[in-house]
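Enquirer: What TrEMBL records for this protein is below:
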- ASN11, TRP12, LYS13, GLY174, SER215: substrate binding site (BINDING)
- HIS96: active site, electrophile (ACT_SITE)
- GLU168: active site, proton acceptor (ACT_SITE)
Amino acid sequence: MDQKSVWVGTNWKMNKGPGEAIAAADALASFKLPEGVRAFVTPPLTSLKDVASILQDSPVMVGAQTMYWEDSGAWTGEVSAPMIAECGASCVLLGHSERRQNFGETDWTVNRKVQAALRHGLRPLICIGDLLDEYEAGVSQETLARQTKIALNGLSREDLRQVVVIYEPVWAIGSSGRPADPPFVSEIHTKLRSVVEEIAGHDGSIRIPLLYGGSVSRANIRDYVALSDVDGVLIGRAGWDPEDFMSLIASVGDLVSVKAGA
Ligand SMILES: O=C(CO)[C@H](O)COP(=O)(O)O
């Protein structure tokens with residue numbers, strides 16, 4: 001039976017040059033995570049190796065923000081899973097909506113990346129999300145089920161134990177987004193739980209963590225983490241300052257035991 005944890009990550013996106021990233025990693029290095037919390041940070045590639053090295057003895061996991069599915073070759077500008085692993089990363093964000101919208105990622109390219117990450121021992125942190133017009137048309141669930149099923153297509157049971165799925169409504173992300181209402185997130189995650197259980201089995205032996213992301217802040221983090229089918233959050237702006245990130249993690253530490261008993 002997979003143990004229930006609360007996941008809290010922050011994606012620095014295209015922020016922090018190497019100097020600032022190293023300073024932030026130094027600040028995170030001595031942080032004592034509350035028991036049962038699994039934390040991760042995804043710095044830009046220019047500081048991945050430095051941040052991973054600073055955090056190598058810390059429980060805070062380090063991941064890349066994207067990667068390509070081939071291991072090497074004539075793919076100018078891309079980086080591969082073995083390169084990311086060699087930098088010391090243990091996980092990688094895949095299919096973030098900013099990648100899908102601005103860099104042409106599709107459900108099927110996300111699947112190729114998921115498989116490549118797993119081949120090289122990286123935990124895929126798979127982002128899925130509905131567009132505003134899909135949300136308004138009431139088809140969010142269909143979009144999310146499709147994205148999830150394709151991302152997980154062809155994975156073995158061992159592979160499924162490694163993946164994390166992150167629901168980030170595109171309309172909730174960034175300074176122009178509005179945080180999704182917790183009851184809506186609850187409804188979506190309950191349905192997503194059935195989608196992943198259809199794939200991984202209903203016996204509970206594999207519990208795929210389902211995270212929420214999109215305008216998570218001090219004001220709402222506990223409302224999301226308290227939901228029974230939400231296993232944690234991915235934070236953007238509110239987590240970029242390492243002190244804020246640590247304080248947000250500390251603010252949900254007590255929910256670990258509440259959720260474990262649920
Ligand atoms: O990746 C994200 C979180 O790290 C996501 O895009 C949400 O960003 P935010 O709206 O700035 O929290």
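Going from the start of the chain as shown, residues are counted 1 onward.
Backbone N, Cα and C atoms are what each Cβ position is placed from, and that goes for glycine too.
Curation plays no part in TrEMBL annotations; they are all automatic predictions.
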Enquirer: Determine the Cβ neighbour count for LYS13 (substrate binding site): the number of other Cβ atoms within 10 Å of its Cβ.
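Expert: I count 17 other Cβ atoms within 10 Å of it.
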Enquirer: Write down the Cα-Cα distance for the residue listed as 'active site, electrophile' and TRP12 (substrate binding site), rounded and given in Å.
Expert: 13
Enquirer: In whole Å, how far does the CA atom of LYS13 (substrate binding site) lie from that of GLU168 (active site, proton acceptor)?
Expert: 14
Enquirer: For the residue listed as 'active site, proton acceptor', write down the residues of its own chain that are at least 6 apart in sequence and whose Cβ falls under 8 Å from its Cβ; none is a fine answer.
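Expert: The residue listed as 'active site, proton acceptor' has long-range Cβ partners HIS96, SER97, CYS127, ILE128, GLY129, TYR212, GLY213, GLY214, LEU234.
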Enquirer: Within 10 Å of its Cβ, which one of these binding-site residues (ASN11, SER215) has the largest number of other Cβ atoms?
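Expert: The largest 10 Å Cβ neighbour count belongs to ASN11.
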